[in-house]
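Visitor: Supplied in structure tokens, the structure appears directly below.
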Amino acid sequence: MAFFPKILLRTEIESYLHNVYTNKELVTAIGTSEAERQFENLLTHLVHPPSFTTVRVNTLLTSVEKAKSLLNEEIQKQFPSLSNIPIFQHSILHDLLLIPVIGPRRALKPHPIQVIVGAQCGNAVLRGAHVYSAGIVSASKWMKAGDDVSVYSDIEGKCRRGSKDFLESKVFVGNGISELSRKEIFCSSDPVKGKGIKMTEPVYLSPSFDNVLSEYIFLQNLPSAVVSHVLNPQPGERILDMCAAPGGKTTHIATLMKDQGEVIAMDKIASKVEKIKYNASLLKLKCIKAFCYNSTKAVLDRNSLTNQGDGPPFLSESFDRILLDAPCSGMGQRPNMVCPFTLKELTSYQPLQRKLISAAVDLLRPGGTLVYSTCTITLLENEEQVFWALETFPCLELQPQEPHLGGTGMKGAGLSTDQLKLLQRFDPSQAELRDVDVNNLSSIENEMISLGNKDTIGFFIARFLKKKEPGSF
């Protein structure tokens with residue numbers, strides 16, 4: 001199955017992750033050989049996309065069946081030669097549609113004209129994106145608009161911008177048609193924007209969602225959709241999404257509340273806040289209020305007489321439920337062919353996450369729910385943070401999660417077996433990688449649906465209750 005190499009990591013990062021996946025507590029439970037096998041699986045599986053592309057339906061504007069029908073029509077437009085790509089409705093997350101990712105398609109033949117893209121652009125192509133001009137690093141000397149080209153990802157970052165030939169390590173991600181000439185990309189006085197390569201034969205076949213049914217569907221990884229259901233927001237409540245950009249979970253929360261109540265969304269980067277507002281407007285959601293603010297400072301100083309209108313900072317115990325989808329190292333993202341982090345960078349998120357957890361506990365009313373999530377697979381940012389939170393805040397109590405589609409928490413952070421069962425970890429090392437051909441989908445449909453809950457990005461979810469003071473109501 002090694003169609004792509006395993007993820008490219010610095011030696012110190014690979015050693016660090018190896019220690020995580022072979023920690024003493026885990027090895028005692030499952031044995032050294034199994035721990036080593038899971039670690040090798042992780043390195044290999046991270047470079048492959050999940051087995052499904054998942055989209056969330058805006059059920060306030062359309063039905064799931066209608067969205068499914070429209071989406072099927074769109075797929076037929078994009079891939080007119082394919083008539084049998086099914087769309088599945090998730091059996092538990094009824095607002096989620098799953099589209100099988102076809103591939104890897106090993107029989108594709110490269111073209112003589114080559115285009116080199118950066119590693120992040122290459123990752124996006126593997127999930128169905130076209131190539132935009134900003135992602136192109138190099139192109140063959142005589143490339144013209146309309147040429148058949150092959151696209152390669154420069155995973156080591158060695159290609160010089162504008163070079164005409166690149167002979168070092170690169171990974172083939174598919175074929176396409178150039179919409180710009182080499183001259184337009186590299187010789188224009190102003191940077192050319194827009195699509196550079198229309199992908200026609202990607203190694204992994206997945207629909208493009210650029211401006212596709214924008215009011216009705218939202219592209220969202222399965223675990224990210226699980227989070228909002230675990231939070232379980234109710235109509236009329238006041239909800240805080242602390243690190244909300246670009247607004248996928250924010251808009252999902254508002255939809256589950258039937259757009260009744262108040263959802264406060266915060267991010268400290270202004271351009272990202274505008275993205276939240278844009279997505280809320282696009283999905284016709286009225287209960288979302290987005291603010292540019294540092295969530296670590298969102299608690300109103302007790303010496304202050306008043307807050308500033310309806311925005312941050314907020315009084316303590318102001319919210320019924322809080323989602324903290326924390327900034328993290330992102331080591332669960334897939335596909336990811338290269339991680340450029342140093343060890344210092346990888347391990348730098350824990351202090352910020354703890355500041356955010358502290359603010360969340362202060363802002364949550366007694367009896368309220370706090371959901372903490374990340375898209376990474378380290379103990380440091382996940383189970384260790386849960387252990388710290390329970391030790392630091394006696395008012396917090398771990399709660400069961402519904403739905404619980406992922407695995408349990410990973411051993412190694414000092415949590416009990418019962419506590420680990422309450423956590424939800426989507427771990428790429430547990431996925432089963434398999435080639436999917438468009439011709440065998442019908443025969444493996446039941447397997448594919450089961451696979452959809454396991455073969456996902458790496459993700460972690462913890463759900464806390466803030467206990468009421470004795471004697472309070």
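Think of each number as a place in line: the chain as shown, counted from 1.
Using N, Cα and C of the backbone, Cβ positions are placed for all residues, glycine too.
Straight from TrEMBL, here's the annotation block:
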{"type": "ACT_SITE", "residues": "C375", "note": "active site, nucleophile"}
{"type": "BINDING", "residues": "C243, A244, A245, P246, G247, G248, K249, D267, D325", "note": "S-adenosyl-L-methionine binding site"}
{"type": "DOMAIN", "residues": "142-467", "note": "domain 'SAM-dependent MTase RsmB/NOP-type'"}
Visitor: At the Cα level, what's the spacing in Å between C243 (S-adenosyl-L-methionine binding site) and C375 (active site, nucleophile), rounded?
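Guide: About 13 Å separate the Cα atoms of these two residues.
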Visitor: Please average pLDDT over the domain 'SAM-dependent MTase RsmB/NOP-type' (142-467) for the predicted structure.
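Guide: Value for the domain 'SAM-dependent MTase RsmB/NOP-type' (142-467), mean pLDDT as a whole number: 93.
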Visitor: Using the Cβ centroid of C243, A244, A245, P246, G247, G248, K249, D267, D325 as the reference point for the S-adenosyl-L-methionine site, which residues of the same chain not in that list have Cβ within 8 Å?
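Guide: Counting only non-site residues, the set is D241, T250, A265, K272, I276.
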Visitor: 10 Å Cβ neighbour count around G247 (S-adenosyl-L-methionine binding site)?
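Guide: Taking all protein chains shown, G247 (S-adenosyl-L-methionine binding site) has 28 Cβ neighbours within 10 Å.
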Visitor: Far apart in sequence but close in space: which same-chain residues, 6 or more away, have a Cβ under 8 Å from A245 (S-adenosyl-L-methionine binding site)?
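Guide: In sequence order, D267, I269, K272, V273, K275, I276 meet the Cβ cut-off.
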Visitor: I'm trying to understand the geometry here, so how far is the Cα atom of D325 (S-adenosyl-L-methionine binding site) from the Cα atom of C375 (active site, nucleophile), in Å to the nearest whole number?
Guide: 8
Visitor: Non-local Cβ contacts of K249 (S-adenosyl-L-methionine binding site) (under 8 Å, 6 or more apart, same chain)?
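Guide: In sequence order, the residues whose Cβ lies under 8 Å from that of K249 (S-adenosyl-L-methionine binding site) (at least 6 apart) are S224, V227, S228, D241, L323, D325.
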Visitor: Mind giving me a neighbour count for D325 (S-adenosyl-L-methionine binding site)? Other Cβ atoms within 10 Å of its Cβ, every protein chain shown.
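Guide: D325 (S-adenosyl-L-methionine binding site): 24 neighbouring Cβ atoms within 10 Å.
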Visitor: About how far apart, in whole Å, are the alpha carbons (Cα) of C375 (active site, nucleophile) and G247 (S-adenosyl-L-methionine binding site)?
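Guide: So the Cα of G247 (S-adenosyl-L-methionine binding site) lies 15 Å away from that of C375 (active site, nucleophile).
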